[in-house]
Amino acid sequence: KLSVSPEMDIMEYCRKEWRGNTPAAKRMRKGYEAVAQKFASIRRIRGDNYCAFRATLFQALSQATQLPKWLQSEDFTMLPENLLSKYDWIKQWQLRQKPGKRMGEIRDEIKEYLTLLRKKWKNISEIKGPLEKQEACDKLFKNEGEEYSLYEALKFWMLNTAIELYNADKSGRRVPVFSWLLFARDTSSNPYQLMHNHLNHIGHSGGLEQVEMFLLAYALQYTIQVYRLYKYGTDEFITLYPNDPEEDWPVVTLITEDDRHYNIPVRMCQETML
């Protein structure tokens, strides 16, 4: 199974998927028409519970020209040791398809994932030619073992970011609004619950919820711009995560029909680029 399908004309894809005359089909067609003003093609993302990670990471790597600041830090690969020394509950982290691992194994395995993420990001960002860069991304997303290791690394980095936001809020520092919403849920009133009830399930029994899309964007220091097609005609049609991004953050663009599954638009139309 391809993780990221080859590109296809956006309007051709839309006509294939939304033939009927129901209000929903009409709205979707209008939504796709709006996206087609800016992008020529669409690439379908494999639909499992990692699709938000897959779409975001694929887009980020496809246009990466340097290693993000957070990946440059010396401490990045020491994260599992540092967090486990402070928070005993992280021992309950669920590794993909390997529940019930011991603490040492969790630490070493996550360290391996984080190291891989840094290495792949660095290698791809150093490729100058756009075609070669695209080929390297396609190749990476055909290697299931590596691909899923990268998602585990991203999840762990999201946990670290959530812990930092939670502690900042508790000590009276300013935090983004989504952070309050993240910890206002009954199921995630603190980082342990966030891990136990949400992050541990992503990729297994569920995908990312809206508020976790904010956390992902904030952790990556990327603006994730999403065309939410079923919201066409409302001010939520194009949603930014986070909604007040830093100006120097790179932007990646995704498309969703239902806030559960994400595809990616590719090939900006010439007029848009000028």
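Here, residue 1 is simply the first one shown, and the rest follow in order.
Cβ coordinates come from backbone N, Cα and C, glycine included.
Heads up, TrEMBL stuff is auto-annotated, nobody curated it.
Lifted from TrEMBL, the feature list:
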- 40-268: domain 'OTU' (DOMAIN)
- D48: active site (ACT_SITE)
- C51: active site, nucleophile (ACT_SITE)
- E236: site 'Linear diubiquitin binding' (SITE)
- H261: active site (ACT_SITE)
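Counting other Cβ atoms within 10 Å of each Cβ, the lowest count among the recorded positions D48, E236 belongs to E236. Sequence-distant neighbours of H261 (active site) (same chain, six or more apart, CB under 8 Å from its CB) are I45, G47, C51, G207, listed in sequence order. Put simply, D48 (active site) is 25 Å from E236 (site 'Linear diubiquitin binding') when counted between their Cα atoms.
Confidence annotation: the domain 'OTU' (40-268) carries a mean pLDDT of 93 in the model.
All protein chains considered, the CB of C51 (active site, nucleophile) has 22 other CB atoms within 10 Å.
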